[in-house]
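K.L.:
The Ca(2+) binding site annotation in Swiss-Prot covers Asn211, Asp281, Phe315, Leu316, Glu318 and is backed by similarity to another entry. Swiss-Prot lists 1-10 with the feature compositional bias 'Basic and acidic residues'. Annotation source Swiss-Prot lists N-linked glycosylation site at Asn211, Asn238, Asn258, Asn329, Asn510, Asn520, Asn574. Residues or ranges marked as phosphoserine by Swiss-Prot: Ser10, Ser383. Sequence annotations record features per position, and here Swiss-Prot assigns topological domain 'Cytoplasmic' to 1-86 based on sequence analysis.
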Amino acid sequence: MNEDKDKRDSIQMSMKGCRTNNGFVQNEDIQEQDPDSRDTPQSNAVSIPAPEEPQLKVVRPYAGMPKEVLFQFSGQARYRVPREILFWLTVVSVFLLIGATIAIIIISPKCLDWWQAGPMYQIYPRSFKDSDKDGNGDLKGIQEKLDYITALNIKTIWITSFYKSPLKDFRYAVEDFKEIDPIFGTMKDFENLVAAVHDKGLKLIIDFIPNHTSDKHPWFQSSRTRSGKYTDYYIWHNCTHANGVTTPPNNWLSVYGNSSWQFDEERKQCYFHQFLKEQPDLNFRNPAVQEEIKEIIKFWLSKGVDGFSFDAVKFLLEAKDLRNEIQVNTSQIPDTVTRYSELYHDFTTTQVGMHDLVRDFRQTMNQFSREPGRYRFMGTEVSAESTERTMVYYGLSFIQEADFPFNKYLATLDTLSGHTVYEAITSWMENMPEGKWPNWMIGGPETSRLTSRVGSEYVNAMNMLLFTLPGTPITYYGEEIGMGDISITNLNERYDTNALLSKSPMQWDNSSNAGFTEANHTWLPTNSDYHTVNVDVQKTQPSSALRLYQDLSLLHARELLLSRGWFCLLRDDNHSVVYTRELDGIDKVFLVVLNFGESSTVLNLQETISDVPTKLRIRLSTNPASKGSDVDTHAVSLEKGEGLILEHSMKTLLHHQKAFRDKCFISNRACYSSVLDLLYSSC
């Protein structure tokens, strides 16, 4: 019954124009096909609309809180107060950081320059390493051995004279200041060496001899003929010359003896020479000569060298009036005075104006020191000067001169004892101007080697002294292995035999010619002990001089006590020297005990330092077997030439104690903060 009714309704809807969507036609199309409603008779049929598609809403980015709402909330106390607190905390923090930075800069001591921070290594280039098999050391040979030098913890290489020279006075008679002597290589070799040295993080300084030139120098040859500006480049004076005999203008003597005046046949005058007659002195009262020397300084600095050792600077000026110098022995017949030591050299050395020249050289070097990390070092050689005169080379607080004059007091000691070492140390430290930096040498090319001068037993103790004294340690090549002088009696070289003894070839190994060269000959003979005293052998020996040297240089590099600390010289006797190294803020002290006597000795350190502990640990010893063990401070036993570095802690450092205050020295006062891990000077 119901089914019949549904069928009738469906038919009725169809008959009255109801349209259905079959799923393939859009509703809009169906509506367009609908008959006009006016033509369609009204009916009560129900029309079922199709479902509409949902419309998507466009989502816009969040534009933030409206300004009016923002102001409404921002003014509330719960937001305003935290905001203001954070703002002022930020401001205060910024000012605190700025203030702390400024304070650290103000209170921190000046950082050590490169020439202060580590040891220097002096090389006589003809004797270090031969690279081209001609029996002579050269620049390439030095470059080949840079790894060895680096392994010694060296920071600066110092090369002695390598300028073009006719071989007089070990190349200190320079024929051309801007050329490399061919025996050492070429300018390109030098440039390569400079680059290699800097690549290793090292610095390079070279010798410079401004006082004189070779008589082969073009300047002198032109001066002999009175050619233009060169006429007065040297010191000329009228003199009498007859029958091969010269009567000089005065009694001035050469360092090597006899008159310092030499007659020249070309110019018919005498020229002045403080050294050999082949080394005429330049006339530094001529401004043109001063400018020439400055140009030479600039030339080598532009090549990349990091500094100079200025040689023989006390001879730069002489008195104008040529007065005779006073005899040491006034009763001696004047004609018999021929030795340099027989006169007081008041008119030929350290004249007024000489230091002005040195300061002028310093200012020229400063033109190349303006770049960060490129400070140019200046050292001066001042042999045989009094301590007071030597210290003048440091300059003044407001006038810069040398960074330091080279200290050869230890290098010239012929007799070792506790007293002589103590006097050599105190004579420098007590006279050095405040704030200046000391340096120490135990050998050099102009002195006999340490082993031959005082004995091989003291090599280790002297190296320990070198690295534990305040200041810059300077090592002459071969001293790290205990090389000695050679024994020679007859040489073809045109030199004083005694001056050659400390210049023998470096002893690298026990092969032919000590590994110095592959040639069949060497310019000087090697030392006969090279089979046992050489680098290769000592590398493998725990008790060797080389191994101790490396340990000492490493300790010096790592310990602020040794580079920045106080030095307190406590006692000396005929055998020993005792001193401490200490620094405020570091809870340890190094107590150094060295025996320079001719026999063993026993020290009671309790008598010297009342509050020293009964037992002290050995940090480093010349006898490696005792390293790390303890010693009884009531009776410290030292063999001949033995040295100990003892480590302990002390509540009140010695430089604060009245009893020792006058015996303590420091160049730049500093204290250490372990909390901040920094040094500061306001202490």
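Including glycine, each Cβ sits where the backbone N, Cα and C put it.
A quick note: this is a predicted structure, and the numbers were derived from the prediction, not measured.
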K.L.:
Among all protein chains shown, how many Cβ atoms are found within 10 Å of the Cβ of Leu316 (Ca(2+) binding site), not counting that one?
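P.N.:
Other Cβ atoms within 10 Å of Leu316 (Ca(2+) binding site): 27.
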K.L.:
Provide the three-state secondary structure of Ser383 (phosphoserine) computed with DSSP.
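P.N.:
Coil, per DSSP.
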K.L.:
Calculate the distance in Å between the alpha carbons (Cα) of Asn258 (N-linked glycosylation site) and Asp281 (Ca(2+) binding site), and round it to a whole number.
P.N.:
16
K.L.:
I'd like to know which of the recorded positions Asn211, Asn258, Asn329, Ser383, Asn574 has the most other Cβ atoms within 10 Å of its Cβ.
P.N.:
Asn211
K.L.:
Hey, what's the Cβ neighbour count for Phe315 (Ca(2+) binding site) at 10 Å?
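P.N.:
Within a 10 Å radius of the Cβ of Phe315 (Ca(2+) binding site) lie 21 other Cβ atoms.
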K.L.:
Could you round the CA separation between Asn238 (N-linked glycosylation site) and Asn510 (N-linked glycosylation site) to a whole angstrom and send it over?
P.N.:
58
K.L.:
Given the recorded positions Asn329, Ser383, Asn510, Asn520, Asn574, find the one whose Cα is closest in space to the Cα of Phe315 (Ca(2+) binding site).
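P.N.:
Checked the recorded positions Asn329, Ser383, Asn510, Asn520, Asn574; minimum Cα distance to Phe315 (Ca(2+) binding site) goes to Ser383.
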K.L.:
Within its own chain, what residues at least 6 apart in sequence put their Cβ under 8 Å from the Cβ of Asp281 (Ca(2+) binding site), listed in sequence order?
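P.N.:
Those within reach of Asp281 (Ca(2+) binding site), by Cβ under 8 Å and sequence separation of 6 or more, are Asn211, His212, Tyr234, Ile235, Tyr271, Phe272, His273, Gln274, Phe315, Glu318.
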K.L.:
Provide the number of Cβ atoms within 10 Å of the Cβ of Asn520 (N-linked glycosylation site), excluding the reference atom itself.
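P.N.:
The Cβ of Asn520 (N-linked glycosylation site) has 9 Cβ neighbours within 10 Å.
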K.L.:
Reduce the DSSP letter at Asp281 (Ca(2+) binding site) to three states and note it down.
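P.N.:
SS state of Asp281 (Ca(2+) binding site) = strand.
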K.L.:
Among the glycosylation sites Asn238, Asn510, which residue has its Cβ surrounded by the fewest other Cβ atoms within 10 Å?
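P.N.:
Checked Asn238, Asn510; of these glycosylation sites, fewest Cβ neighbours within 10 Å: Asn238.
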K.L.:
Find the one among the recorded positions Leu316, Ser383, Asn510, Asn520, Asn574 whose C-alpha lies closest to that of Asn329 (N-linked glycosylation site).
P.N.:
Ser383
K.L.:
For the topological domain 'Cytoplasmic' (1-86), what's the model's average pLDDT?
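P.N.:
It averages 59.
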K.L.:
I need the neighbours of the Ca(2+) site defined by Asn211, Asp281, Phe315, Leu316, Glu318. Which other residues of that chain put their C-beta within 8 angstroms of the C-beta centroid, in sequence order?
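P.N.:
Close Cβ neighbours, site residues excluded: His212, Gln274, Leu282, Phe284, Ala312, Lys314, Leu317, Thr348.
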K.L.:
Would you mind reading off the Cα separation of Asn510 (N-linked glycosylation site) from Asn574 (N-linked glycosylation site), to the nearest angstrom?
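P.N.:
So the alpha carbons of Asn510 (N-linked glycosylation site) and Asn574 (N-linked glycosylation site) sit roughly 38 Å from each other.
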